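Colleague: Here it is, the structure, as structure tokens.
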Amino acid sequence: MATLLRSKLSNVATSVSHKSQAKMSGMFARMGFQAATDEEAVGFAHCDDLDMEHRQGLQMDILKSEGGEEGAETPLEGDIHYQRDGTGPGPGPLPPSASKEACSELSGQGKPKITAWEAGWNVTNAIQGMFVLGLPYAILHGGYLGLFLIIFAAVVCCYTGKILIACLYEENEDGEIVRVRDSYVDIANACCAPRFPTLGGRIVNVAQIIELVMTCILYVVVSGNLMYNSFPNLPVSQKSWSIIATAVLLPCAFLKNLKAVSKFSLLCTLAHFVINILVIAYCLSRARDWAWDKVKFYIDVKKFPISIGIIVFSYTSQIFLPSLEGNMQNPKEFHCMMNWTHIAACILKGLFALVAYLTWADETKEVITDNLPSTIRAVVNIFLVAKALLSYPLPFFAAVEVLERSLFQDGNRAFFPNCYGGDGRLKSWGLTLRCALVVFTLLMAIYVPHFALLMGLTGSLTGAGLCFLLPSLFHLKLLWRKLLWHHVFFDVAIFVIGGICSISGFIHSLEGLIEAFRTNAED
């Protein structure tokens with residue numbers, strides 16, 4: 001009787017937890033996740049998904065341990081709790097399809113599903129984010145080859161997105177294709193099992209943290225850069241503007257959730273599209289002066305590898321695709337959705353980069369809005385700064401979630417004591433670490449205030465890894481027995497080409513950053 005009562009109480013607690021999670025996930029999907037850009041959503045949806053799985057796993061483990069202590073009483077119908085590995089409390093595991101359906105019902109209760117068009121809106125915003133403002137600078141150093149890379153990156157990222165989703169599925173005993181994994185981390189862990197069952201997930205988490213923190217740094221850099229170029233007559237340096245921006249962002253350390261911040265996501269995205277239209281409209285007004293002769297086939301050997309990183313970084317979306325596909329009403333439409341979103345992104349990015357470069361040619365700057373006349377530059381840049389400041393909390397919060405979960409909250413595997421007290425409040429030293437992360441992004445922005453170099457480094461290091469190298473490697477590892485020869489060829493080619501581009505771009509970007517760091521240190 002005591003066991004039955006405890007089981008009922010656990011059911012009530014679990015139900016309340018799931019409803020709360022579903023409410024937050026629904027709010028994220030409607031207001032934040034669907035309206036977030038690449039830099040906003042790349043870790044946001046992934047962290048939300050991992051957090052739900054982590055908490056459910058803790059609840060399942062507690063129920064399992066309680067059941068083992070009291071004996072082998074059979075639970076009543078409707079009181080069965082499934083563990084994360086798909087097994088129930090009975091004598092043997094459930095069939096893969098049944099366990100998957102049960103887990104989906106448990107974790108997705110009340111979770112709104114999205115249509116293919118809504119999923120396409122997610123992906124479009126992810127790959128049409130604020131950092132497309134650096135693409136004309138890539139054309140400056142790459143010419144027509146830079147335009148080719150914009151097309152090539154779109155094709156490859158579309159393909160790797162599809163094969164990454166293919167790694168989520170396996171064929172069961174009945175010959176049916178079922179979803180057996182839920183996230184990028186699950187795929188990585190499956191590839192490294194059984195010898196290193198958690199190594200792959202840790203590598204993906206490290207790459208994600210680097211990309212999220214670098215994104216935060218880029219927001220501070222672009223805020224200081226835009227404000228300095230908007231008001232050049234004021235006695236305020238770019239570093240000072242970065243410090244002011246960071247002072248505004250310091251309250252992010254106190255964030256408990258993204259409910260307040262996510263309300264601005266849709267507004268930020270719409271404002272960004274308006275800004276892009278204004279830039280293109282101005283460029284079209286100067287079509288008579290376009291410098292077609294400046295677009296060459298030669299490349300700047302020293303700076304072009306940085307352009308590769310910039311282009312790749314503008315297409316990064318793979319990290320949240322598993323969560324997105326899992327929330328679609330009809331997952332079979334995922335491939336079609338990926339096709340038209342990347343075709344649209346390729347066309348829009350190519351036109352934006354080419355038109356902007358033709359307008360300013362060799363005078364093209366790292367952030368294209370700095371080339372606008374002073375009469376409209378200040379207005380456009382202020383809107384961009386507002387968007388950057390409002391977007392900063394999303395990747396910051398996602399990075400904090402991953403760090404706290406992996407270092408402070410991962411049960412017996414945590415490296416440090418829990419940063420939360422028994423009442424759920426953040427401890428003072430945990431708050432200090434959050435503030436330190438904000439200050440770290442400021443220091444990096446001050447000592448390396450180069451938007452293109454940081455963007456190229458991030459794209460070459462984590463962008464190429466998450467979009468090119470890992471998906472092709474995982475696809476070969478998990479599904480190589482079922483792959484056709486041309487799939488194997490494509491995977492190997494993408495891995496080799498992506499590796500070469502990644503290493504080359506990383507080396508050149510790192511050299512540029514070291515040189516810039518030394519110059520700033522001397523000043």
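Each residue, glycine too, has its Cβ placed from N, Cα and C.
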Colleague: Which range is it, out of 241-261, 304-324, that shows up in TrEMBL as transmembrane segment?
Modeller: 304-324
Colleague: Thinking of Cβ pairs under 8 Å, which stretch from 145-169, 209-228, 304-324, 431-448, 454-476 has the most of them with the transmembrane segment (378-403)?
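Modeller: Stretch with the highest Cβ contact count: 209-228.
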Colleague: Might you confirm whether the transmembrane segment (431-448) is in contact with the transmembrane segment (304-324), defined here as three or more C-beta pairs under 8 A between residues 6 or more apart in sequence?
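Modeller: Output no: the transmembrane segment (304-324) is apart from the transmembrane segment (431-448).
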Colleague: At least three Cβ pairs under 8 Å linking the transmembrane segment (336-358) and the transmembrane segment (145-169), pairs spaced 6 or more in sequence?
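Modeller: They do touch: at least three Cβ pairs between the two stretches lie under 8 Å.
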Colleague: Please check if the transmembrane segment (145-169) comes into contact with the transmembrane segment (431-448), where contact means 3 or more CB pairs closer than 8 Å and the residues in each pair are separated by 6 or more positions.
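Modeller: Since fewer than 3 Cβ pairs under 8 Å link them, the transmembrane segment (145-169) and the transmembrane segment (431-448) do not come into contact.
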Colleague: Do the transmembrane segment (209-228) and the transmembrane segment (488-507) share at least 3 Cβ pairs closer than 8 Å, excluding pairs fewer than 6 residues apart in sequence?
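Modeller: No, the stretches stay apart by this measure.
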Colleague: By a Cβ-Cβ criterion of under 8 Å, what residues six or more beyond either terminus of the transmembrane segment (488-507) are in contact with it?
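Modeller: Contacts with the transmembrane segment (488-507): 156, 159-160, 163, 305-306, 308-309, 312, 456-457, 459-461, 464-465, 467-469, 472-473, 475-476, 480.
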